[in-house]
Amino acid sequence: MGAIGKTKVFLWLGTIILMLAGSLAMIIYNKPLQLQGLGTKTIVGQVWFNAVLALHSIYLIGVGFELISRAYLMMVGSTCSEQRRGFLCCFVYSMSIWWKLMMILGVVSSIVLCGLTALVIVLEGFAKIKIIRLAVTDAVTLVQLFFSVICFVTSRATQKMQDEEEEALHGVKKQELQPTNSAASTPSSAPPCYIVDEKKDSASPSGQSKDSEPSAVLPA
């Protein structure tokens, strides 16, 4: 694995850690504050607060489940074909579908949280809210989305290239096996052998005529 491959692997692992740490930090940071700094209109602040906890909890569940499943696949050796890659590369191999799901979740989270933040600002004004809390929470969500998009694009390109390498490798093996199979399946040019049944020959009319013919008597 070259320098570019190592960079991609560390990017993916770093993004996973960032998503875990960011979501956990937002839950720890916002939960004790409850509705403080969200204005006097408790309904809008309550919706924003619940959305933050729910969306970042989904982040934690998604990342945790994926880490557990990848660890299991590593144990059974199902993440890399023929185990020709390094440990870390095998761990993050073929994760483009998961990155796509995280990217979709990031888009939804960003739209919801940024929309609710704008609604809180419009209804409450800057004087009644704690803008730093809102800005930090939205910034973490946007950073998670940004790195999810980068990881999805790089992972899809890498997986496509690796799949092409696997197809080429298995295609060469099939081409090597094809001549032997074709040689074994083609019929030989020699005429087929037949088994002659002596009983049928003796029972045939020609055999009876030969047996019925009188034998020549040699003169003494």
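Placement of Cβ uses the backbone N, Cα and C atoms for every residue, glycine included.
Predicted automatically and left uncurated, TrEMBL annotations should be read as such.
The compositional bias 'Low complexity' annotation in TrEMBL covers 179-192.
Taken from TrEMBL, the feature region 'Disordered' applies to 168-220.
If you look up TrEMBL, you'll see 9-28 (among others) marked as transmembrane segment.
Residues 16, 19-20, 22-24, 26-27, 30-31, 34-35, 38, 95, 98, 101-102, 105, 108-109, 112-113, 116-117, 119-120, 134, 137, 141, 144 of the same chain, all 6+ positions outside the transmembrane segment (48-68), place their C-beta atoms under 8 angstroms from a C-beta of that stretch. Annotated transmembrane segment per TrEMBL: 48-68 (among others), in sequence order.
Counting only same-chain residues 6+ beyond the ends of the transmembrane segment (101-123), those with a CB under 8 A from a CB of the stretch are 19, 38-39, 41, 44-45, 47-48, 51-52, 55-56, 58-59, 62-63, 129, 131, 134, 137-138, 141-142, 144-145, 148-149, 151-152. The transmembrane segment annotation in TrEMBL covers 101-123 (among others).
Per TrEMBL, transmembrane segment is recorded for 129-153 (among others).
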